[in-house]
Amino acid sequence: MAFSQVQCLDDNHVNWRSSESKPEFFYSEEQRLALEALVARGRDAFYEVLKRENIRDFLSELELKRILETIEVYDPGSEDPRGTGPSQGPEDNGVGDGEEASGADGVPIEAEPLPSLEYWPQKSDRSIPQLDLGWPDTIAYRGVTRASVYMQPPIDGQAHIKEVVRKMISQAQKVIAVVMDMFTDVDIFKDLLDAGFKRKVAVYIIVDESNVKYFLHMCERACMHLGHLKNLRVRSSGGTEFFTRSATKFKGALAQKFMFVDGDRAVCGSYSFTWSAARTDRNVISVLSGQVVEMFDRQFQELYLMSHSVSLKGIPMEKEPEPEPIVLPSVVPLVPAGTVAKKLVNPKYALVKAKSVDEIAKISSEKQEAKKPLGLKGPALAEHPGELPELLPPIHPGLLHLERANMFEYLPTWVEPDPEPGSDILGYINIIDPNIWNPQPSQMNRIKIRDTSQASAQHQLWKQSQDSRPRPEPCPPPEPSAPQDGVPAENGLPQGDPEPLPPVPKPRTVPVADVLARDSSDIGWVLELPKEEAPQNGTDHRLPRMAGPGHAPLQRQLSVTQDDPESLGVGLPNGLDGVEEEDDDDYVTLSDQDSHSGSSGRGPGPRRPSVASSVSEEYFEVREHSVPLRRRHSEQVANGPTPPPRRQLSAPHITRGTFVGPQGGSPWAQSRGREEADALKRMQAQRSTDKEAQGQQFHHHRVPASGTRDKDGFPGPPRYRSAADSVQSSTRNAGPAMAGPHHWQAKGGQVPRLLPDPGSPRLAQNARPMTDGRATEEHPSPFGIPYSKLSQSKHLKARTGGSQWASSDSKRRAQAPRDRKDP
């Protein structure tokens, strides 16, 4: 019924007097009687009622004509959408596009029985239409209301109203709901079809039922296909109905014009979706957003509930084409990878000289490209011939060509108070526990920041040289008749695959490594590979070796006293008595990188053959894991002065303000070098007698018998020793009779030891001082004592506790003659 008729049923309107002159005037019983007379008896009866009731003529000639043309006889059976007959009108048999999709396979839908005409039916006459394509959720608050008004023709440089509507359609993502009295614009309709088919946006259209035929003509010109029906729902509706007492009714038209987009925007006004309304008619629209859009949401759902479906089966359509691939814009993550993020975000990594983001991204892309198979390398092929492959940029375009932040200035760092020349220390970082209110220096965790760029470059060069050099071949043992003809290949090391082996923990007792000379040697070593060396305490105490060209053969680094070498006693180790040894022994720290070949490192594999005088010099005990290897008198050797050991970057370093000399070594080492040169001149006279003892004959040195061990408890494999050791083995029972001015007594035995030939090329090579001009850093002891203070024996004894070391040496010397057995 009309709203005026509904108001009559309300108790508030009983005996309510309202005249035509009041604004609230809406319902009039006199007007209702005049309309019933018009519908039942025609125009003459209408004018008679107006004159009798003395009311105004409230209908125009156009309205009278429209009412008379739309009068219908009320027939309850004719309202059934499943019925048949010519009275269906624009509903077109009541089958819409939603039902058509379900019956598109050609199978006819079975007709249901007609509904009963009972007063209280058991089921409804028609089903409630559902928003099956989806609808935005109803939210409590949609935001602040905003409105923009657009005119046609546009004013003040505004966009024309058709452009505003089409832009809203192209920006829709969820749903588009259109209510229109006349819809015949093909351009707007094509935009709606593309939004539903390509972007999967739900499209609902409600048009006036009196103009459905014009809408269907427009669909024929739009070249639709079956794919457009998937996300499209079209329905029709009219105005409100006016029922009379003569079982007749008439209906108004749908004059609402609005479009509801995504639940938060709406456009409404006088603009109809026609070409004339956008070009020749004067119209106005309002673009609304915010809370006011809720009224359009509720109104459309109510209209959709009372609407009728529109069938599109009579429209010629093509088959559904292949869906075009959706090319999504490539989104580069703003957050970099974990390895890059550490260097960019964490201030600690800002101190390290790392590569730029471009270089890191380039290296990572090259690694990924190298991992691909050969058939997949290169840019990936596009799915379609017209498509070009998209290459993702390495970093976000907004970050290109931007200067990196220097986080070093924001850190609590400071330089070393007394830095050494060429130090790689950049600064320190203090980490403070936030739970401590006033932290003391002892409660701070101090982190030392070093420059690792040079060490990284050297490691890369060494790794490349390891990969590029040829594979070594085993060398047969030299003939004893020509002991000085050849040099053993690969330093006489065992041959095997250079597979990386896992690191082992640092042992408590470590063997002293033999120092490798830079030049080739005239002594060849023949090494018998042991099958297995028994580790002690689960730790392998063997030393790794680096086999490769460029490594010199083994050379024994002998220990002499800092006094006159000719005054060596017989029967006492190193020519010293117990008291003098306790006072004058200098301990020199050796690191893993001090030797020329790196043979002092720890790792699996058999040890190099050694020409040490006794087992007591082969092994020694290390008190703490953090204390490096120690050896007596390693700065003054019979083969010439060795360059001062260089401090490795990974070793802990504490400076005491002492610098090396201008010639690259300590003054004490230079004075010892001069004394050594004098000693070599005196040994030159005995060169002829020493040549016979320096033969390259090898004797098998066996392990002690079962149940016995070496001096430090290490079961050792069979070893080959040079002729210098064979002289000791053959003359053990002879006593110290052979000890001459150029022989020295072994520490653990009673057999004199022959010094190398002073005139050998190896000796001359090692006797040359460093001339490269590079000032090497001193390698301090674990207690921070530089080399220049090692000559002060009492100062060293106070720091390192020499009595403990001396007592351990005396025990080893006491049991050495018992443990050493003849081969």
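Backbone N, Cα and C define each Cβ position, glycine as well.
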Have a look at S666, S760 and find the one that Swiss-Prot tags as phosphoserine.
S666
Would you mind telling me which one of S19, S127, S595 Swiss-Prot calls phosphoserine?
S127
Test of record reading: of S442, S453, S591, S650, which one does Swiss-Prot tag as phosphoserine?
S650
According to Swiss-Prot, which residue among S276, S520, S616 is annotated as phosphoserine?
S616
Among S60, S116, S614, S722, which is the one flagged in Swiss-Prot as phosphoserine?
S614
Cβ neighbour count within 10 Å of S124 (phosphoserine):
8
Return the residues near S127 (phosphoserine), defined as same-chain residues 6+ apart in sequence whose C-beta is under 8 angstroms from its C-beta, sorted by sequence, else 'none'.
none
